[in-house]
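Student: I have a structure here, written as structure tokens, and I will follow up with some questions on it.
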Amino acid sequence: MTSVSTSRPAVADAPAPAVPRSPRLSRRHREWIAAALFLAPDALGLLVFVAVPMVLSVVLGFFQVSGFGSYRWIGLGNYRRMMNDPLFWDSMRITGLYVVILVPVLFCVSLGLGLLAKQKLPGIGVFRTALFMPYVISLVVVGLLWKFLLDDQVGAVNRAMRSAGFGAHSWLGDPHLALGSVIAITVWVMMGYYMIIFLAGLQEIPAEYYEAARIDGAGPWRSFRSITWPLLRPTSFFVLLMSTVAALTGGLDMIFVLTGGGPANGTSLAIFYIYQQAFVFGEFGYASAMGSFLVLIMVIVSAVIFALTRGGRFDDGE
Amino acid sequence: MASETATATATEPRQAVPGGRGRGGRLRGGRIGLVVLAAVLAVLAVLPLLYMVTGSLKTRDQVTDGKLIPHHVTWHNYQYVFTQVPFTRYLLNSFFISAVVTIAALFFHSMAAYALARLRFPGRDVLFGAIFATLLVTAPVVLIPLFLVARQLHLLDSYAGLIIPAIFNAFGIFLLRQFYLGLPRELEEAAVIDGCGYWRVYWSVVLPLSRPILAALAVFFFLANWNAFVWPLVATNNPDLTVVQLGISAFQSQYTSNWNYILAAATVAAIPMLVLFFAFQRQIVESIKTSGLK
């Protein structure tokens, strides 16, 4: 603001620099040119590094790509191979399990934390800060840290379990437990982020509604059911969609550090399997085909969520 | 366990919301219960991070004793990490890349957002829709084709390859556009009447007004790039280009059970982000709120 007022006299003295620069162009055309120049860097960058790769990933699915960069058209060959690849379907099953457990748990935990964070309690600011802290740590550090804490023999978790009389478990080494451990750690990382989003949604709900409900004799559960839940729909939709998409294609960094896909491929999420095929075995074409399939699943799931929640709109009928 | 906590918090707070400042013993009791619950959850959330920091201050034979407080505090692990591997180099690489990406991204995104919010030109809505659509393309999904594009452009194994692809991201454009749509037009119009060109309006009016949101986005971009792992992993081989996340991951596979060293390395990688978070907490929280609602 201050720079405006200080620069104004200087600009006014000069005979309106923008006008004489291109006397033949109309104001409208100058605006077009300005817009094109303003947009050029980002438009070009997004085209080259986002849009082209997106299209390319579909196209590559029909090619066999060698490590040295030669491409051979093989039609649906990669997709036929995918259909008959038990490891891929295993990874899809694990991804499905991961999404189906992670998303509802994360949703409920974050909503609960959001409800708690909304309360005017002493020290609630410290609470919000504490719960958000894991989110700013990189997934590599998160992976290393939990590998340390969940160590079979010397990890703090097993030491605590043993002294509490529950006995130790191989949290990351037991195929039945490893995926659950990964999910729990993901909840720990992400809950603060979605807590803030829920908190923002909760703060949008006018306090008078709760006051009126209380006067009408509604208990806490009733006012949650009739006020909070319906008015929180847009936020719930957003959280559901975001966390599902993130769960379907995310988690690569952490799996890489924490389990390397093991034990017995028990945490080999589809995105990890795809990564391995591409960058360990150099199967870029095959990996792209599986990636496109994963995107297709993502689109379908998003559409289903959209339809089921009516895009997060408020109920019209009631 | 997790869902139990959720339902407990989902029902209990309702008591406190309408009543407010503890009317009657039952409500006050509920409030004390909530404070205790909040305190327990906060401690549980932070505890693993505390273990990381205190573990990094323990000696080799004590690091795995399962105790939170070190018996004997030592700084040797940090010394070791910085002398045994080029950790300073990793930190500088990450700092340089994150800083350049952040500055370039803020500059380009605010330019694009200004044009999308204020300038009139044919096809504006279509273009905005197209940019918005790229938000749906998540990074892991385009990792492979991005790698091939970067290889074609000879960007692999270079700072440019770590920086340029990381700049372009529709999220920043989207948030800035929302912000610019909410700015009063009068200030810009005054500048136009004074004869300012578009660049002048953008540079001397719009940019200074967007300081708060630029600060929030700067924190976000810096954080995301400092924490980036997968792209540097596939895009670089040259040890001189190792970024800090890659460095600690490699360090861990080399020193598998020397947890005191690994935790020291992890702490060094995490501390800058925690400091940044404490310094800009309000901006971060505000920008998450806007991104979630609009």
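Keep in mind that glycine also has a Cβ here, set from the backbone N, Cα and C atoms.
TrEMBL lists these features:
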COMPBIAS  B:1-12  compositional bias 'Low complexity'
DOMAIN    B:91-280  domain 'ABC transmembrane type-1'
REGION    B:1-23  region 'Disordered'
TRANSMEM  B:32-53  transmembrane segment
TRANSMEM  B:90-114  transmembrane segment
TRANSMEM  B:126-147  transmembrane segment
TRANSMEM  B:159-180  transmembrane segment
TRANSMEM  B:201-224  transmembrane segment
TRANSMEM  B:259-280  transmembrane segment
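Where in this structure would I find these features, and how exposed are they?
Tutor: Non-local neighbours of the transmembrane segment (B:126-147) in the same chain are 112, 116, 156, 165, 170-171, 173-174, 177, 230-231, 234-235; each lies 6+ residues outside the stretch with a CB under 8 Å from one of its CB atoms.
Under 8 Å from some Cβ of the transmembrane segment (B:259-280) lie the Cβ atoms of residues 49, 52-53, 55-56, 58-60, 63-64, 77-78, 80-81, 84, 87, 91, 215-216, 219, 222-223, 226-227, 244-245, 247-248, 251-252, all in the same chain and six or more residues away from its ends.
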Student: Please indicate, using numbers and ranges, the residues of the same chain that are 6 or more beyond the transmembrane segment (B:159-180) and have a C-beta under 8 Å from a C-beta there.
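Tutor: Same-chain contacts beyond the flanks: 96-97, 100-101, 104-106, 108-110, 112-114, 116-118, 128, 131-132, 134-135, 146, 150, 206, 210, 213, 217, 221, 225, 228, 231-232, 235-236, 241, 243, 287, 290-291, 294.
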